[in-house]
Amino acid sequence: MESLSNKKKVLEQKPLSFMERMYLPAIAKGMGITISHLFKKEATIRYPEVEREFSTNFRGMHSLKRDENGKERCTACGLCALSCPAEAITMIAAERKPEEKDLYREEKYAATYEINMLRCIFCGLCEEACPKEAIYLDGPIVPADYLRKDFIYGKDKLVEAPLEMKK
Amino acid sequence: MDSAFVIEKFILVAVIFGISLVIAMYSTYAERKVAAYLQDRLGPDRAGPFGILQPLADGVKMFMKEEIIPTSSNRFLFIAGPGLALLCACIGTAVIPWGSPVLIAGKTVSLQVADINVGVLYIFGVVSLGVYGVMIGGWASNNKYSLLSAIRAASQNISYEIAMGLSIIALLLMTNTLSLKEIVDQQHGWRWNVLYQPLGFLIFMVCSFAETNRAPFDLPECETELIGGYHTEYSSMKLGFYLFAEYINMFVSSAVMAALYWGGYNYPGMDSMAVWLGPTWAPLFGTAVFFAKICAFIFFFMWVRWTIPRFRYDQLMNLGWKGLIPLAIANIIITGVVIAIIEKF
């Protein structure tokens, strides 16, 4: 039948010619191709010693940011937890006491802030939802571990190092 | 028989046995490295510098693994199979002339364990015995895949042995001897048999790929159809024995090919080298040349394995019976006619 799209190609199944039945020319050609790969640069990256460079929009481990005075930006509004499609984020809010003024920027802050790295799909929606620019997925790859409980990252792992420690 | 002779032979046997085991061990490493480089990868590089200790790590792993013998298997034959495979692979090295006689401490030592006058026949006998290891193992496993694999191995070996034997007859017409030592000595300097018997060599080489169950003729152990083939049920060092036997077979058939067709320990300019190096070092250099040829063949085996896809079973049989056997017979006739003409005039 006439093909409507004209895209159909009918392949002929011809019996092998004498040269093809000898196998040798094709084998020689194939061996030539494989031996040329012997001299090519290998694509392997020796991982623990050498690391592949990430692209600029790579999304890795989360970090909770501090402002220019070293105060935590997060105000525990819960928008990140709400936006998280994997429900990986939980937090408990607390009210800032007067003596903690240098630690937290807003009057409300996250007393605990946990991300379950086994649930997280690294979509970056928390980053987009955050009104305070407090969370960014700018870290490295989340390392492997043995126990499920060790994948729940608290503030000890997530909050950025204080300013003086950074220097 | 004096004791010096016995000691000399004993040392030679031990050395050759050790060398063939080490070469087989490092063939597994080389195989992985060659495969990796042909595929733009790196291959094993964690155990020691460049992964040079990988075979040792593999050996330790093989020994440490749990040994499983299926309850429905024939226990005696199940254990005998891998042992027989390894034994047949190892005894092939006995008749291969590794070098011309060496002068050591005022004594001329032959670098061949046994110079029997039917060396070629012995090699053929041992090689065809090798398939019993596969057959017994495959049958004793009491597993359909293993049995199918054993059947394949047996019929493949029988089919290709005919072409192999016929291709060697053309060579024997020229050499007039079955002793491997004499065949090698006749190829002194540049007069390698491959220059006179290129077709015979090609047939012999294709057949030795089939005899050693190497790709593209590795039908007895093709994963896609038969899981692991005859060694599906094997674990621990018994599996190791089978894999080891394959690599020793590869080493032996490389040595046979190098000795029969590629001049063995002969190389161009060997006479002037013999004068220059003296009666001790010149034969040892020849042995080194022989091993270089063997290694080149082993590399070739691996190169082919990572290039050519596996033959289908009917293609294998077609190639063997309709391709190689008529070609080998034609080769015999042509060789015979040419020899007759040369002798006449």
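Every residue, even glycine, has its Cβ placed from backbone N, Cα and C.
Automated prediction, rather than curation, is the source of TrEMBL annotations.
As written in TrEMBL, here are the features:
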type	residues	note
DOMAIN	A:65-94	domain '4Fe-4S ferredoxin-type'
BINDING	A:Cys74, A:Cys77, A:Cys80, A:Cys130	[4Fe-4S] cluster 1 binding site
BINDING	A:Cys84, A:Cys120, A:Cys123, A:Cys126	[4Fe-4S] cluster 2 binding site
DOMAIN	A:111-140	domain '4Fe-4S ferredoxin-type'
Neighbour tally for A:Cys130 ([4Fe-4S] cluster 1 binding site), based on other Cβ positions within 10 Å of its Cβ: 20
Composition by DSSP (helix, strand, coil) of residues within the domain '4Fe-4S ferredoxin-type' (A:65-94): 5 helix, 8 strand, 17 coil
Other CB atoms within 10 A, centred on A:Cys74 ([4Fe-4S] cluster 1 binding site): 27
Cβ-centroid neighbours of [4Fe-4S] cluster 1 site A:Cys74, A:Cys77, A:Cys80, A:Cys130, 8 Å, sequence order: A:Thr75, A:Ala76, A:Gly78, A:Leu79, A:Cys126, A:Ala129, A:Pro131, A:Lys132, A:Ala134, A:Ile135
Separation of alpha carbons, A:Cys130 ([4Fe-4S] cluster 1 binding site) and A:Cys84 ([4Fe-4S] cluster 2 binding site) (Å): 11
Rounded distance in angstrom between the Cα atoms of A:Cys77 ([4Fe-4S] cluster 1 binding site) and A:Cys120 ([4Fe-4S] cluster 2 binding site): 19
Assigned element (helix, strand, coil) containing A:Cys120 ([4Fe-4S] cluster 2 binding site), judged by DSSP: coil
Using Cα positions only, nearest of the binding-site residues to A:Cys74 ([4Fe-4S] cluster 1 binding site) (A:Cys120, A:Cys123, A:Cys126): A:Cys126
Shell list ([4Fe-4S] cluster 2; ref centroid = CB of A:Cys84, A:Cys120, A:Cys123, A:Cys126; cutoff 8 A): A:Cys80, A:Ser83, A:Pro85, A:Ala86, A:Ala88, A:Ile89, A:Ile115, A:Ile121, A:Phe122, A:Gly124, A:Leu125
